[in-house]
Amino acid sequence: MKNKSTLLAFILATAASGTTSVWADDKPFSIAIHGGAGTITKAKLTPEQQQSYRDKLTEAVNAGYKVLEKGGDSLVAIQAAINVMENSPLFNAGVGAVYTYDGAHEMDASIMDGKTMNAGAVSGVKHIKNPIKLADAVMNNSPHVMLSGAGAEEFALTQGFTLVPANHFDTESRYKQLQDAKVKLRKAEFELKAKSPDYQASNTAPQIDYLDLDYKFGTVGAVALDKKGNLAAGTSTGGMTAKRFGRIGDSPVIGAGTYAENGVCAVSATGHGEYFIRYHVAGDICARVKYQHKSIIQAADEVINQRLITAGGTGGVIAIDQRGNIATPFNTEGMYRATRKNGEPADVMIWRDM
Ligand code: ASP
């Protein structure tokens, strides 16, 4: 029993129904969010920066929690949380999206409804302020699951979205990250040439995994269980700094970066997308829960801290099960994250211990 008012509600409901089994408010609900995983060392963040992240994560998780507390849908709750993070330059999504190699912003997002198994996704959009909203529109108002680039934006116009100019997403800190990434790329290419004289520089430089550069923090995501027992998951990202050639990561790929299925689990991922796609991370976690009857903690841990580590993939997930249990494993130094369960205060973390 959480507090006096819920106790009173329980007594009244019990008296009215003559039974102790009817108590609508006793349904579990909870939400988890992430703001990206990576080499977030304690030395890298000043106390002020840390506080800014913690404040924004608290605001985001509370925005979603409020929806759930009032009996709202998990789909609405996760979007409320994701919108807060997309509208903050702290995260690599929406206004804080990273730059591509060519100095543009190309965003990906997806959403999944565990009740209907419906899903929507957009990839490579350049003028959408809140890509998660467009993913939701794709899910609800189109016969498709994923729309990309100019076509997705054409669809957005039919849905009443206003396209924002590309420079809406320009930030100094992300621009500096791109310049740093380019310096590292040139250095890597130089070293490669020195090692193998017959190496031919090419546009694609396939030998250099530029995605290994540590410029990929800040993807955002949310998972929630509402009082009706419905699970939902959503993810939104600018992708990876210096990405090229229309590269799409795991975030808009259902089963890789996002997955939700009622009675099983909901997952949103962040990390090196190429691994999350190939290892089908979100779907694999839920499959372990569904078919092997593993707890959400065990299933998520096995995939992130065993399977992915063996493969060389870095990142983490937030995952929630049908009873509102939450797992937030990551195999990187840190992962921005927050959780909130019914009747409890928000729990906001960056590293393993704080
Ligand atoms: N998973 C995202 C991608 O590969 C990046 C991230 O989560 O930080 O595009």
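Glycine too: its Cβ is placed from the backbone N, Cα and C atoms.
Where the annotation comes from TrEMBL, it is an automatic prediction and has not been curated.
Record features (TrEMBL):
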ACT_SITE  T219  active site, nucleophile
BINDING   R247, I248, G249, D250, T270, G271, H272, G273  substrate binding site
SIGNAL    1-24  signal peptide
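Each of the binding-site residues R247, H272 was scored by other CB atoms within 10 A of its CB, and the lowest score goes to R247.
Here I248 (substrate binding site) comes close to D108, S123, G124, S148, G239, G273: these same-chain residues lie at least six apart in sequence, with C-beta atoms under 8 angstroms from its C-beta. DSSP classifies G273 (substrate binding site) as helix under the three-state reduction. Taking Cβ-Cβ distances under 8 Å and a sequence gap of 6 or more within the same chain, the neighbours of T219 (active site, nucleophile) are H34, G35, G36, F91, N92, A93, T235, S236, T237, G238, S251, T270.
Within the set R247, I248, G249, D250, T270, G271, H272, G273 that the record links to substrate, no two Cα atoms are more than 16 Å apart, and one pair reaches that distance.
In the three-state DSSP assignment, the secondary structure recorded for I248 (substrate binding site) is coil. Neighbours of T270 (substrate binding site), defined as other CB atoms within 10 A of its CB across all chains, total 34.
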